[in-house]
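Record features (Swiss-Prot):
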| type | residues | note |
| --- | --- | --- |
| REGION | 1070-1094 | region 'Disordered' |
| REPEAT | 16-54 | repeat 'WD 1' |
| REPEAT | 57-97 | repeat 'WD 2' |
| REPEAT | 99-135 | repeat 'WD 3' |
| REPEAT | 137-175 | repeat 'WD 4' |
| REPEAT | 180-223 | repeat 'WD 5' |
| REPEAT | 225-264 | repeat 'WD 6' |
| REPEAT | 266-306 | repeat 'WD 7' |
| REPEAT | 459-498 | repeat 'WD 8' |
Amino acid sequence: MRAVPTWIDKVHDRDKVEQCIYDLAFRPDGSQLIVAAGNRVLVYDTADGTLIQPLKGHKDTVYCVAYAKDGKRFASGSADKSIIIWTSKLEGILKYTHNDSIQCVSYNPVTHQLASCSSGDFGLWSPEQKSVSKHKVSSKITCCGWTNDGQYLALGMMNGVVSIRNKNGEEKVKIERPGGSSSPVWSIAWNPSKDEHNDILAVADWGQKLSFYQLSGKQIGKDRSLTFDPCCVSFFSKGEYMVLCGSDRQAALYTRDGVRLGSIAEQNAWVWTCRVKPDSNYVVVGCQDGTIAFFQLIFSTVHGLYKDRYAYRDSMTDVIVQHLITEQKVRIKCRELVKKIAIYRSRLAIQLPEKILIYELLSDDSADMHYRVKEKICRRFECNLLVVCSQHIILCQEKRLQCLSFTALRQREWLMESLIRYIKVIGGPAGREGLLVGLKNGAILKIFVDNPFPITLLKQNTSVRCLDMSSNRSRLAVVDEHNTCLVYDIHTRELLFQEPNANSVAWNTQCEDMLCFSGGGFLNIKACSFPVHQQKLQGFVVGYNGSRIFCLHVYSMAAVEVPQSAPMYQYLERRMFQQAYNIACLGVTDSDWRDLATEALEGLDFHTAKKAFIRIRDLRYLELISSIEERKKRGETDNQLFLADVFAYQGKFHEAAKLYRRSGQDGRALSMYTDLRMFDYAKDFLGSADPKDTKLLMKKQADWAKNSREPRAAAEMYLSAGEHLKAIQIIGEHGWVDMLIDVGRRLDKAERAALSRCAVFLQQLQQHGYAAELYSKMGDLRALLQLHVHATHWDEAFSLVEKHPQFRDDVYVPYAQWLAEHDRFEEAQRAFHKAGRQAEAVRVLEQLTHNAVVESRFSDASYYYWMLSMQCLDIAREDSEQKQEMLKKFHSFQHLAELYHVYHSVHRYMSEPFSSNMPEILFNISRFLFHNLSTHTPMGISKVDTLYALAKQSKLLGAYKVSRHAFEKLQSLKIPARYQDSVELSSLTVRSKPYRDNEDLIPMCYRCSTNNPLLNNQGNSCINCRQPFIFSASSYEVLPLVEFYLDQGISDEEAVSLIDLEVPRVEKNKSWQEMSSGESQCLKLEDGPDDPEDDPFTAKLSFEQGGSVFVPVRVSRAVLRSMSRRDVLIKRWPAPLSWQYYRSLLPDVSITMCPSCFQMFHSEDYELLVLQHSCCPFCRRPIDESC
């Protein structure tokens, strides 16, 4: 850092008496300087120090001045207790007074409110206010300052206190300095930096201390001792530095943390005030003797560079190491003035005022940025240049070079014949590095650290400014004092060439033949002996690595990517392909790589071309080069043919065709033009080419017609060329049905692929008849079936299956799926069954059944369970392994079907407002259901609904005992809230009824004639003989039927034949009986009861009953012969079930049995239900369907 005086002035009054300069203030734009001198306010032009105008208005000494941030006005305060507000046009506009002399003034940077401070109070004035608000203080105010946001005002006082107040003058923070009144606070300043998170206040007191505080009053760090009484502290505009002045008669530069960096100006009297010009490096000081001195601070660049690592000084006390490739930075805080920096490999040397620090990298990683202290040399050195090596530091002092170890031992010294102008480490083994030294007299020497004797490389007539040696140390570049770049051959000391306008030079570390130099705002790149390539660039070139040029501009180092295109093209012009490739490797664009590869390929330098195409990943050309290399290995040597291939790849087709013809390869030319659809040019080569190529040409021309959106022409060309599949594809895609039919009929049936493709397109175009015609022509029955299935032409499919049963699965399975998709699930189940897909059929039925139960469609659930049972019976008949399991499921599903059939009526009674069933029927149904729910309740069936219906109908019909029992059962169940009151009320009222049942309702066993209770422990069987009751499937009354079984050895067919014999019985004489009433007479033919001995079946009933175990009725052949066919009902179950036989004991009661589900009905009920539903109410068999 150097301070250069710009101008100096000394202020006197009329009597030549020196006027003390108490305060200074800059206009915000820096163009004017306001000076408090004596009782006048002086305005200077900062450019040259001329006095613009003295301002008069005060009657006593002016102590303070301040300029508003907006530049519109400034203020001055005087010992005459007054404040004057001046405009920027130097006109006084306002004056107000305090009770004491004015000590300091300060403008708010945001609101432009003026704070004026005196010995006993301070005032706040703003342009918007007419009056000044004043606030008393306990001590004399010596200095003041606003925070950057204008929210708080700091006051420094004579008693050593710093008071921080808000805009209204209220004290918020009070800072008491340790010295108290013996250390008056003489100057304060807020750091204006925008990078700080907190407002930082610098406080200088006459206890010779400098301190820093946060806005909260918390001190930052410790007090810094000064050797003088500070009179003024002033920050630079960005807050990175500050200036202190005082009783030591000088102004000094400090860091923002209070570290002294150096002296700016030494004067002959106390320096009372100092200010920094806004946004610049100019400092002005005002002295006791009236001197006003204006200085420019010049901060020199302290830096070092080694390859891609650049170290430079920042904020005078820090060192930043920057990796120019990765852009990583690391800051090393030294907390002292950094004087010199040197960097080499992993070493970093930093010279401080009293010591040299040697740092090293933590690891050998090229990207590592972690440094640690290796050695400290605690000695003061004076030197012009500093160089560091692996184990030494080199100090340059004028003509002398000293080599010191890291322990400060002087190991070697060299004395030069002239001043040393440039020094550079050029590498070498650790401890034996070489140095390149340039002298003022033009001598250039090489010095080795371990050798006391310098080696003179050459000597020129002009002074050396910059040096660099090429990577293999064969050439030397020198920039002399006339800005000329000279390049020498080190071995012969011959001057190779020279270039003007150079201020620095650097060889490319990766290419021996390239160097760059800068000067005159241009960057110059020179390759070999070619002309220089220029481009604009500001700064000094300090390094050249590959395509990166390291350039120092003012204080910043930048790595500039410079494409090496120009030198590469210079080599290409001379067909030096390998050298051009080496240059391109340093960094060129993709288009440059392509140009290099193309030029090398045309020059038949396949090796270089291949490497260049690899760089840009051009696989097409790499394949070409690979094929050429393979052909050369096989012995091909015709370079014209190779070049023709290259031209063809490059799009130079006519040149390629000419070369093909010269080489006798007309076929290749024909193929090339054909692929390019240049059929007119291709025809020129047809005569001399292979005749087979004519057909190929037609195919290619058809392809071209297709791609050029002329499909009809393309199809016709394909047909002409025999490419039927391609022609059919085009015709089909465009939906030309007539052409498809015509092609299909013309094709031979042996061309199955073309016919099949044609049929597929006809099918897609909904022309099923023509498609069927083609499939029939091919004899493809499976495809024909699939066509019918796809078109849902089921009748044609079924008729075809009848002729070819092996395709049954191909039809019935899709048919079943189609039915299921159209919600025709029952038909789908039957179709699955026909297709032999029992598992799918059962799965469909199970899903239908589950859905019906969940949706409370219990009639449907009953029907589906019946169908499931019949499905299981079919499986049991067909699969002997699953016979027992399927028979078990059959009986279970039959039982469930009957339960859901019954519960359907109960559910309708409970959920609908009216019921179509008679009370007796509902009573029978609910009683039947109750007897079957004693052990297990199927899903969906409500026991509550069953018992409630039974209780209600029992009560209605007079079966009070049953009703009471049902209501008691209901009490143990969870009853829905809507029935709760009704159940409780009915349960009470039924207790008022007699505890008996209506005798008309009591069922009788037709085998043993025993009256059974309505609630039977045996369920739906007789309590005496255990004979199961047979119920009507509509009214659920007990039918007068008794099941009987055949004796051993009697088959079903024999039994039926015996029953059909109907042996006539001996008729007894019948008599007439007269019956008369009051108004009529009638005769009745008396038909007396048969004698049991006359009916063998009745005898079986009488003599084989009794016991606790049910004993079925078994009949012999004689008994079968005695039976009437009208009295016997037979359930003719399919195998593997046996038939069931029932004898009606009341022949006059007409009973009808459904031939499909074998359910028994009263004939009248059955006929009525069939009329209503046109089918059986249980199995839904239509009345016109034969079983």
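Using N, Cα and C of the backbone, Cβ positions are placed for all residues, glycine too.
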Taking a Cβ cut-off under 8 Å, which residues six or more beyond the ends of the repeat 'WD 3' (99-135) line up next to it in the same chain? 60, 63-70, 72, 75-83, 85, 141-146, 148-150, 153, 155, 165, 167, 169
Do any residues of this chain, six or more beyond the ends of the repeat 'WD 6' (225-264), have a C-beta under 8 angstroms from a C-beta of it, and if so which? 1, 3, 186-196, 200, 202, 204-206, 208-210, 212, 270-276, 278-281, 283, 285, 287, 295, 297, 315-317, 335-337
Report, as numbers and ranges, which residues of the same chain sit near the repeat 'WD 7' (266-306): CB under 8 Å and 6 or more residues beyond its ends. 1-12, 18-26, 28-30, 33, 35-37, 44, 46, 49, 231-232, 234-237, 243-247, 249-251, 253, 312-313, 316, 338-345, 348, 425, 542-543, 550, 552, 554-555, 557
Within the repeat 'WD 2' (57-97), what mean pLDDT does the predicted structure show? 95
DSSP assigns the residues of the repeat 'WD 4' (137-175) as 0 helix, 23 strand, 16 coil
How many helix, strand and coil residues does the repeat 'WD 7' (266-306) contain under DSSP? 0 helix, 25 strand, 16 coil
Reported in the order helix, strand, coil, what are the DSSP residue counts of the repeat 'WD 5' (180-223)? 3 helix, 19 strand, 22 coil
Are there residues at least 6 beyond the ends of the repeat 'WD 5' (180-223) whose Cβ is under 8 Å from a Cβ of it, and what are they? 139, 142-149, 152, 154, 156-162, 164, 173-174, 229-235, 237-240, 242, 244, 246, 254, 256-258
What is the number of residues in the repeat 'WD 6' (225-264) that are helix, strand and coil, as DSSP sees it? 0 helix, 24 strand, 16 coil
Secondary structure composition of the repeat 'WD 1' (16-54) [DSSP: H/G/I, E/B, coil]: 0 helix, 23 strand, 16 coil
What is the three-state DSSP composition of the repeat 'WD 3' (99-135), stated as helix, strand and coil residue counts? 0 helix, 19 strand, 18 coil
